[in-house]
Amino acid sequence: MDRQLGAADSVAASTFSEVVVDVQPSFNADVHSRLRHSRNSINSSASAADNKKGRWENLVLAYKTLGVVFGGLVTSPLYVYPSMPLKSPTEDDYLGIYSIMFWTLTLIGVVKYASIALKADDQGEGGTFALYSLLSRKMDIGFFSAKNLDSNSIFHEGAENKSRLGKFFEKSILARRILLFIAMLGMCMLIGDGILTPAISVLSAMDGIRAPFPSVSKSLVEALSAIVLIVLFLLQKFGNFPRKEGWLLLGGTVLCITGSEALFADLGHFNRSSIQMAFLFTIYPSLVLTYAGQTAYLIRHPNDHEDGFYKFIPKSVYWPIFIIATLAAIVASQSLISATFSVIKQSVVLDYFPRVKVVHTSSNKEGEVYSPEVNYILMILCVAVILIFGEGKDIGNAFGVVVSLVMLITTILLTLVMIVIWRTPSLLVALYFLVFFTMEGVYVSAVFTKIPEGGWIPFAISFFLAFIMFGWFNGRQKKIEYELTHKIDLERLGTLLSDPGVQRVPGLCFFYTNIHQDGLTPILGHYIKNMRSLHKVTVFTTLRYLLVPRVAPEERIIVRKLGLKGVYGCVIQYGYADTLNLEGNDFVNQVTDCLREHIEKYLDCLPSNPVDIQEEISALEEAKLSDVIHVRGKTRFYIGKNCKRFDRIMLAFYEVLHSNCRSALPALSVPLSQRIEVGMLYEA
């Protein structure tokens, strides 16, 4: 069940990631049809809501995106020119730089992100991991592949009419691993962006204080920047050159498009129309004019490029502009921090990252999330980057590596989406890929020369994060494989319960379990063998996270008889924007009410004795009044001598992660006296 749930955290939906398939084919088909109905109702209601949104509402949303989404883009003029290694630049040099920045903003900003990428959302979510989620479900190559799931699986989408590329990925383990690596690298780089954007934005803005006060040291500016960042994070819980030289300058020029990935990653916070409107009619023309003004000033004052922003500000408005720039840098930091929270949430949902607490900061917007643990880690890393690598050019070099790699990864994944999902004509796909892969590939080759000069920072961060992700992913995969191999099917359960030594004790038991194909978790067999008992009424409860914003209340709890006396199955479904208020007696009452209703409807459809119906309902009520307990499994891997050394290391690391990540049952507000944890060792 490994998943966090509860109103206190206000977003249980963001941290559960067990994909399950239910016990009986009829149960599975029922859940399948209900889910489709739920999805259709969600989509139809969402469409109706979008139709009701007027032009003014989109304008208001577009205004709100200016800070949350575009903060990184609008503050890029603070550090683009200072990050370039210019030596005695001429007018032609500056005009060439401006030309490159104009076409970079136009092609990557307008064409790629605003016009294409925003259409490749995954249930309203954007970013590289959302693209991977979309592809993995369509091509059936995700964490739970077709070999692990029943053919009726509700998550097995697009089984028919698959493209040749999709079939290739299904057959090739190497191709799937490369795609997963690319998606993980993109996610890690975006998190690195969330660390470096606050550092370089705030540091560049605060550096403006040295112009009127030359005596202010660089160390003091760094300390002030660190203080501003700490305050920002604490408030989160409430966003034509010579050939070689020209090529090297691209490492600084690419910074003009920083924050463009947030335009896509923050899609869950707003809607496509508002982001497009704000970018095309406000951000894009403003950036083009700002860089034109900077370039015009630098043509007349060619040696002021190291402080190309504050130098061209008139003295009469210097301090107001300084304050605005500092505030804009803080907002820019917020935009990438928000994007980092979103991508962490997506990876937790897909079970590629350890469970962390994720809180929805808005009851109206699905994508506005906050994670305390991630927030404090980002704060420490941001401050460390400023204090250790205070030189703006070093951070700029690191920033360039992040920006260019994330853009390139998005281009690759978008190309796959065009081929596999959109079925875009081959000529258009080839045109898109050649233009953007070539353009961004040149940027990547340029920034790679900066690795010794600060460019190694994002790689160090990404390696650390990728190690965590791979360790978690590997452990979860081993766990699922073991459970599929040692599952308890209904026939086996019946055999266990028919043992004269196994007693059916009074009471109601909620047994939290993952249901795989036609079987239950092996912990159930371990529990019965050792406890020699099972409650008279046992409800095998599965929490199912759905990749939809909200699940209709009538579709939230689905129950079914499992063919054995007093044994039922229960699936609790919810989306990433749902808040589950299933606490204490409310939770028990909701489930038992659904069971009672199901017993009446189920038996009405079959020849049955009304007395039997009443007896079953009476047994349910009697069990609820007698005693209620909640049982969950707590598994660990037993790493034997036959286990390979690599597996020993990775599984040991997984155990460390698993023992320190968020749990599931405590958030249900279950009293300690009603809570039982059953330990079991899985042999690796």
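We number each residue from 1, going along the chain as drawn.
Glycine is treated like the rest: Cβ placed from N, Cα and C.
As recorded in TrEMBL, the features of this protein are as follows:
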DOMAIN    62-239  domain 'K+ potassium transporter integral membrane'
DOMAIN    244-492  domain 'K+ potassium transporter integral membrane'
DOMAIN    506-682  domain 'K+ potassium transporter C-terminal'
TRANSMEM  61-82  transmembrane segment
TRANSMEM  94-114  transmembrane segment
TRANSMEM  178-196  transmembrane segment
TRANSMEM  216-235  transmembrane segment
TRANSMEM  247-265  transmembrane segment
TRANSMEM  277-299  transmembrane segment
TRANSMEM  319-344  transmembrane segment
TRANSMEM  374-392  transmembrane segment
TRANSMEM  399-422  transmembrane segment
TRANSMEM  428-448  transmembrane segment
TRANSMEM  455-473  transmembrane segment
Of the listed stretches (94-114, 216-235, 277-299), which one yields the highest count of Cβ-Cβ distances below 8 Å with the transmembrane segment (319-344)?
216-235
Six or more residues beyond either end and a Cβ under 8 Å away: which residues meet both conditions relative to the transmembrane segment (178-196)?
72, 127-129, 131-132, 135, 141, 169, 258, 261-262, 265, 336-337, 339-340, 343-344, 347, 352, 378, 381-382, 385, 395, 398-399, 402-403, 405-406, 409-410, 412-413, 416, 457-458, 461-463, 465-466, 469-470, 473
Mind pulling out the one from 61-82, 216-235, 374-392, 399-422, 428-448 with the most Cβ pairs under 8 angstroms to the transmembrane segment (94-114)?
428-448
Among 374-392, 428-448, 455-473, stretch most in contact with the transmembrane segment (399-422) (C-beta, under 8 angstroms):
428-448
What residues in the same chain, six or more past the boundaries of the transmembrane segment (428-448), come closer than 8 Å to it by Cβ-Cβ distance?
104, 107-108, 112, 116, 247-251, 253-254, 397, 400-401, 404-405, 407-408, 411-412, 414-415, 418-419, 455
Summarise the model's confidence over the domain 'K+ potassium transporter C-terminal' (506-682) as a mean pLDDT value.
82
